[in-house]
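From TrEMBL, for reference:
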BINDING   His90, His191  heme b b562 binding site
BINDING   His104, His206  heme b b566 binding site
DOMAIN    7-219  domain 'Cytochrome b/b6 N-terminal region profile'
DOMAIN    229-409  domain 'Cytochrome b/b6 C-terminal region profile'
TRANSMEM  36-60  transmembrane segment
TRANSMEM  88-109  transmembrane segment
TRANSMEM  121-142  transmembrane segment
TRANSMEM  187-207  transmembrane segment
TRANSMEM  248-273  transmembrane segment
TRANSMEM  317-337  transmembrane segment
TRANSMEM  349-373  transmembrane segment
TRANSMEM  379-398  transmembrane segment
Amino acid sequence: MVFFSRVINWLDERFPIKAFYKKQFSEYYVPKNLNAMYVFGVLAMLLLFNQLITGIWLAMSYTPTAANAFASIQYIMRDVPYGWLIRYMHTTGASALFIVLYIHLLRGLMYGSYQRPRELVWLLGMTLYFIIMIEAFMGYLLPWGQMSYWGAQVITSLFGSIPVIGKGLEQWVRGDYLVSGVTLGRFYALHIIAFPILMVFLVYLHLSTLRHVGSNNPQGVDIKKHVNKKGVPLDSIPFSPYFITKDILAIAVFLFLFCVVIFFFPDGFGFILEKSNFEPANPLITPEHIEAAWYFSPFYAMLRAITFSLFGLDAKFLGMVVMMSSVLIVFFVPWLDKSPVRSIRYKGYLSKCFLGLFVVSFLVLAVMGSLPVSKATTWISQFATLGYFSYFLLMPWYSRFETTKPVPERVSL
Ligand code: HEM
């Protein structure tokens with residue numbers, strides 16, 4: 001203990017770590033009513049860290065060429081010591097990151113965390129989500145299995161549907177006429193270098209802006225209105241040790257569940273590792289049913305839901321526009337929500353019903369996107385797409401006109 005404090009003092013004389021700890025942790029005050037929904041941010045950070053570390057180790061034995069990529073994954077799984085563990089941590093980590101992010105996002109929508117003054121926190125969070133989607137899409141090509149190949153082929157072909165510039169853009173993205181070793185090489189470079197740097201930088205910005213304005217809370221009460229003589233909000237607790245303890249408990253529970261999946265269900269019943277991805281990529285054989293990874297499934301369902309052309313624009317292009325808009329529209333929530341209150345607890349019935357409709361539509365789309373196309377899946381996807389968009393597009397209307405409950409002055413537990 002004496003040795004430890006001596007080391008800290010030695011460091012502190014050269015770099016102000018005590019002042020840093022005070023400012024960022026022990027004298028950083030968070031609302032005292034933060035609930036379990038507030039642990040998903042730290043879990044997202046943990047998972048991003050897991051992806052970076054396991055990714056570096058995978059890159060040591062992986063070969064990014066069309067001839068050897070698939071075999072190098074087999075080599076990692078069978079011959080590299082603990083290679084199977086590192087790969088499963090990476091594949092399961094990717095799925096877990098999306099689960100955690102969807103809950104993190106839902107929390108934001110429920111408690112109005114995007115409202116003034118946290119608009120920038122929201123925009124940076126959404127940018128991060130968009131970058132993570134592209135990162136996951138590029139990573140999915142690397143095992144060079146049938147689904148990797150055909151998934152990339154379908155999604156990159158969407159560029160080709162853009163009028164005038166489409167065909168050129170499609171070839172530019174692929175670096176070839178079809179998805180090939182050239183595409184694999186560029187996706188690899190972007191996946192392991194460019195996007196990870198971008199993601200770390202965006203997490204830093206996301207958290208810095210949050211630290212500047214402070215956390216919202218489940219009641220959406222502004223805790224900065226009531227402060228003591230030292231300027232500390234009366235309804236707050238120091239982040240360290242109180243909230244850190246809660247985070248550590250959440251991490252322990254999460255790691256337990258994470259290990260259960262890694263050790264007992266590493267393929268996640270075909271959702272984490274798709275069955276057809278156990279076959280090497282074959283450009284001459286198209287699989288009967290091309291699936292998107294489960295976390296893209298709702299967006300894929302919206303792409304497939306558009307089966308008609310309009311104003312001379314073909315269905316494929318319109319599908320892509322709808323799919324892109326479904327992500328872009330989430331960026332605008334801070335300006336679509338006109339409610340005088342933040343939290344869903346004090347909003348009216350319409351907000352509650354539309355949020356429910358949004359969640360149900362998203363889940364229905366996720367199921368539809370994973371099933372083979374049929375008349376029924378197309379119809380259901382079309383209705384669910386309407387449900388998804390109506391939550392956002394009608395928000396300026398229902399959030400302004402509904403009756404809200406009064407928000408308490410102080411937080412209650
Ligand atoms: C890897 C991606 C992300 C990481 C590492 C991350 C990390 C965090 C952390 C650590 C917090 C503080 C703890 C908490 O409130 O849970 C936070 C808060 C927040 N995040 Fe994220 N986040 C990510 C993605 C997103 C996304 C996609 C959004 C959605 C737009 C988002 C929106 C927010 C908002 C609005 C807050 C403030 C919540 C409040 O105060 O009520 N974040 N984030």
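The backbone N, Cα and C atoms fix where each Cβ goes, and this holds for glycine too.
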Report, as numbers and ranges, which residues of the same chain sit near the transmembrane segment (187-207): CB under 8 Å and 6 or more residues beyond its ends.
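For the transmembrane segment (187-207), the list is 45, 48, 52, 55, 59, 64, 121, 124-125, 127-128, 131-132, 134-135, 138-139, 141-142, 152.
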What is the average pLDDT across the domain 'Cytochrome b/b6 N-terminal region profile' (7-219)?
97
Please give me the CB contact count at 10 A for His191 (heme b b562 binding site), counting all chains in the structure.
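I count 22 other Cβ atoms within 10 Å of it.
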Using the alpha carbons only, what distance in Å do you get between His206 (heme b b566 binding site) and His191 (heme b b562 binding site) once rounded?
21
Taking the Cβ of His104 (heme b b566 binding site) as the centre, count every other Cβ atom within 10 Å, in any protein chain shown.
20
Which residue among the binding-site residues His90, His206 has the fewest other Cβ atoms within 10 Å of its Cβ, if you could check?
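If we count Cβ atoms within 10 Å for the binding-site residues His90, His206, the smallest count is at His90.
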